[in-house]
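Pulled from TrEMBL, these are the features on record:
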TRANSMEM  20-41  transmembrane segment
TRANSMEM  53-74  transmembrane segment
TRANSMEM  95-121  transmembrane segment
TRANSMEM  133-153  transmembrane segment
TRANSMEM  160-178  transmembrane segment
TRANSMEM  220-238  transmembrane segment
TRANSMEM  287-304  transmembrane segment
TRANSMEM  310-334  transmembrane segment
TRANSMEM  355-377  transmembrane segment
TRANSMEM  383-403  transmembrane segment
TRANSMEM  410-434  transmembrane segment
TRANSMEM  454-472  transmembrane segment
Amino acid sequence: MIPLTRSLRAEWLRTKGSAVMWLPLLGLVIGVLSGMSALSVSEAQNANALLTWQGLYITGMSTPLTALFAGLVVRRERRTRSGGTRWRPVSPLTLRAAQCAVLAVLLGVFLALCFGTTWVIALARGYHGTHEILLAGALCWLAQAGVLGMFLLFAKATGLIPALLLSAVWQALGVLYSESTLWWLCPPAWPVRLLLPSLGTHVNLVTLEPGEAPLAAEPVFVACFLFAAIALLAAMVFEPTPFSLRPRRRVHRAAPGGFLSYSLGPRSRPTALGALGAAFSATRRRGIYLLITLTVLVLCYAAVRYPAPLLTGLTTFLLLPLGTALLPVIAWGAAAPAWNISVAHNPALRAAFTAWNLIVTDALCLTAAGLTLVAGISPGQAALRAVLWCATGAVLVLTWLLLTVRFSAAVPLGCAVILTIFSVTLGGDVLAATPLWLAALPSWGESALSGTRPLLAIGVCGVLLVALVPLLRRAYRRVEGR
């Protein structure tokens, strides 16, 4: 049998050529954005002010990004059939142990870049208490190690996209129950609760009042340590069968009778309308239309049941940044395998596929804008929101599509998670009144409703769309030239 050291070397070689190898660089992006935001907003001259902005990662991004690490590895293994290692004389337990070890190292590099950037900024500014940043990074790695092992199992059973959706629910539960007396019954709350004493804040990142005691860290530290040990051990021992490969009830088909064959004829020519129909058909079996239907139902329920701000916030801060990322990722996964031969038959497929993404995005934005009338918003405000949502949605979906085609699904999904949290922060009631609103494009449907902001936002979106279209065309041709 092949020893563990050679399995680790093989796992590392497979990782070097995959998208998950570059995912830790997102930690550098989060660290820079957190540090610059803290320096531009906070007046406190200590490391805790910088660390508070890392709370955006801890309370909003940590679980989805950790799930992305696990999901991308599972996706790579399925596409490459594990690189042939399953047919070699190596124990499956050894393979899974090597996989967990490499993932844990990559997660550690990600967190080192994330918290290390903040630590360097604090040192350069001469702030005191810089050791708290390093401690928070180490505790975060311990807390996310258990999440990594658990979502590695989830991703193997369900796939990348369902695991990411589940991670969003997991993160929300963690925020809701982190300061509850029943936190010990809710494992999603443990990673968040473990970091709150280091942050010196409540879960909403409001600083503790003078004399207010922070939460006790010892019980939740033990819980996170045991959770990490059990989850990683389970990921090494068990290999869940994907739902798509589980045996189903046998269906006995009737013997084929006569059938009709036909030909399109010698005058048949590929058309743009036919290419658009092909784009709609190619994405039919990927669950996109089910997700669209569920999204519309949720928006309808929010319009009827809740006040208008909840519907507009749901569209601006969730549907636009995250929904526009999931759409091209799933759609390109359906179109990519047969892309070259399809474009060879009908070159209009490039424009049609781009148009399909824009049509779906703008249709959802117009639906949300129409439902705001039901929620009680005036027609003028609803029309303005419709224009802003369609403009920002078009920019976002083309940006995510470009990153998906040019790189992989990891880049748009990771960036979408980061952009969502920063958009919620910068597009809120306080920071939206500052020039920082320009940096949060998805939130322009809330922050660009008055004065000259709508004209500026629409103009910037127009310029970005003009720039994105040729870049996307070039990315398509790069794929076709491989």
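Yeah, the Cβs are placed from backbone N, Cα and C, and that goes for glycine too.
Sequence-distant residue pairs (6 or more apart) of the transmembrane segment (95-121) and the transmembrane segment (310-334) include fewer than 3 whose Cβ atoms are under 8 Å, leaving the two stretches without contact. Relative to the transmembrane segment (310-334), the listed stretch 355-377 leads the set 133-153, 287-304, 355-377 in CB pairs under 8 A. Counting Cβ pairs closer than 8 Å and at least 6 residues apart in sequence, the transmembrane segment (160-178) and the transmembrane segment (355-377) reach fewer than three and form no contact.
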